[in-house]
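Some notes on the structure that comes next.
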Amino acid sequence: MTTYTRGAKATTQWSPAREEQLYRRIFLRLIPILFISQIFAFLDRVNIGFAKTHMANDLGLTSAQYGLAAGVFFLGNMLLEVPSNLLLHRIGARRSLFRIMFLWGIVSSATLFVRTAHELVLMRFLLGLCEAGFWPGVLLYLTYWFPAARRANAVAICLLAPIAAGILAGPLSGWILSDMEGRLGLHGWQWMFLLEGIPACLVGLLVRFCLPDGPQEAAWLSSDERFRLLADLKHQESAELATGTRAAFGRPQIVRVALLAFLLACVLCGVFLNVFWLPTVIAEAGVRGDLRIGIYSVVPYVVGGVAMILVSRHSDARGERHWHFAGSMLTAAAGLATIACGHSSMWVALTGICLLTAGLSSALAVFWALPPALLPKAALPGAIAAINMIGGIGALAGPWLMGVLRDRTESAALSLAPFFVLMIAGAMCSLLFARGAADAVHHA
């Protein structure tokens, strides 16, 4: 047991069991709200994929215009990501996350009013601006409550939210598109944006009134529990946060930061290529009906969630990252090849999509264990911010490039070829630094 002191005053002694109980209560108070928030963030980000065919007919969208509308979200997101996070730290989590969620819910719902491709691109850009800083803000908020040694589980649960959102998005969007078509003179896709945007505003209100800014504002903590938690959090790397950016861009580290940013760009390019074009691939494989397409789209997300858990646990158990990352990227490449070779067959295409989703989900989970293996501890805060921002270019480019290639080649198979090469390149670059990562772990 450990006794923490502040001046002449000491807390009562804490047993490991009591400490576990404290952090379990914090977890149950905060994580469900953050998890639900993450679900609606991802849902409003990706539901356009299910409306693509209908919007193409009603708005006259080309594949390139749709790809641009899907990807431009990430441009807005990148532009305001850092300022939004700084604002959260300044004004508090409740007001900042409420602002983000309420505004993105309004913009997502307002997408029902678009009438042209240009208006759709503008609304998606605005949605990216409004949602900017949400995920980094959640990560920052978790540092207010969980010491580094206890934070991994909370982050892992939040990372499962996009999988849950993907499972929900297909059937829900498919049902709205098919059942609400023509009601009150609105198309099904207009109802989809309205009905899936409103919950974000409601959850934002939940955040505003139920989420404390930090331990000091948590009325459900006793004074002794609050002191213990704050004492634990003193072990956070405040000095390293101040010097992290400078350390990240020191000459010895810049190559590794660039490599990690490239790896993340490869993964995110594939992830959002898959997310935004998955319903189209399923429809082109012969599945008819919005609800059926939505139901079939659940399968890859279930497979991806299981694969992510299994690969992450195996990677942790072996203490190895690079081969697991490379194997996941090669699995994604195999999925792309399967889709390209059998895109007209529903079962072959679905198998390919499952391989692609499993590979990318696993790669993304393993990826975030790579920076601590490749970079010194003091470099991590600044480096991770840079990696995340640069890697976002892949999320922006993937959906747009897919649309351009489909318009120009008029071939589903040929349009996937560059992404196949990119997955292979990501795997090879990971293995290139495997020896360096092993040395870093050995000397850590």
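A Cβ is built for glycine as well, from the same backbone N, Cα and C atoms used for every other residue.
Database features, via TrEMBL:
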{"type": "TRANSMEM", "residues": "26-43", "note": "transmembrane segment"}
{"type": "DOMAIN", "residues": "30-438", "note": "domain 'Major facilitator superfamily (MFS) profile'"}
{"type": "TRANSMEM", "residues": "63-84", "note": "transmembrane segment"}
{"type": "TRANSMEM", "residues": "96-114", "note": "transmembrane segment"}
{"type": "TRANSMEM", "residues": "120-142", "note": "transmembrane segment"}
{"type": "TRANSMEM", "residues": "154-177", "note": "transmembrane segment"}
{"type": "TRANSMEM", "residues": "189-211", "note": "transmembrane segment"}
{"type": "TRANSMEM", "residues": "254-273", "note": "transmembrane segment"}
{"type": "TRANSMEM", "residues": "293-311", "note": "transmembrane segment"}
{"type": "TRANSMEM", "residues": "346-370", "note": "transmembrane segment"}
{"type": "TRANSMEM", "residues": "382-401", "note": "transmembrane segment"}
{"type": "TRANSMEM", "residues": "413-434", "note": "transmembrane segment"}
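Here the transmembrane segment (189-211) does not lie next to the transmembrane segment (413-434) in space: the count of CB pairs under 8 Å, restricted to residues six or more apart, is fewer than 3. A contact links the transmembrane segment (154-177) to the transmembrane segment (293-311), because at least 3 Cβ pairs that are 6 or more residues apart lie under 8 A. The recorded stretches the transmembrane segment (413-434) and the transmembrane segment (254-273) share 3+ CB pairs below 8 A when only pairs 6 or more apart in sequence are counted, and are therefore in contact.
In this chain, the transmembrane segment (254-273) lies apart from the transmembrane segment (96-114): fewer than three C-beta pairs between them fall below 8 angstroms, excluding pairs fewer than 6 positions apart. Long-range contacts of the transmembrane segment (382-401) within its own chain (CB-CB distance under 8 A, at least 6 residues past either end) are made by residues 64, 67-68, 70-72, 74-75, 77-78, 81-82, 136, 244-249, 253, 257, 260-261, 263-273, 276-277, 371, 375, 418-419. Scored by C-beta pairs under 8 angstroms, the transmembrane segment (96-114) has its highest count with 26-43, from the stretches 26-43, 63-84, 293-311, 346-370. Counting C-beta pairs under 8 angstroms (sequence separation of 6 or more), the transmembrane segment (26-43) fails to reach the transmembrane segment (293-311), with fewer than 3 such pairs.
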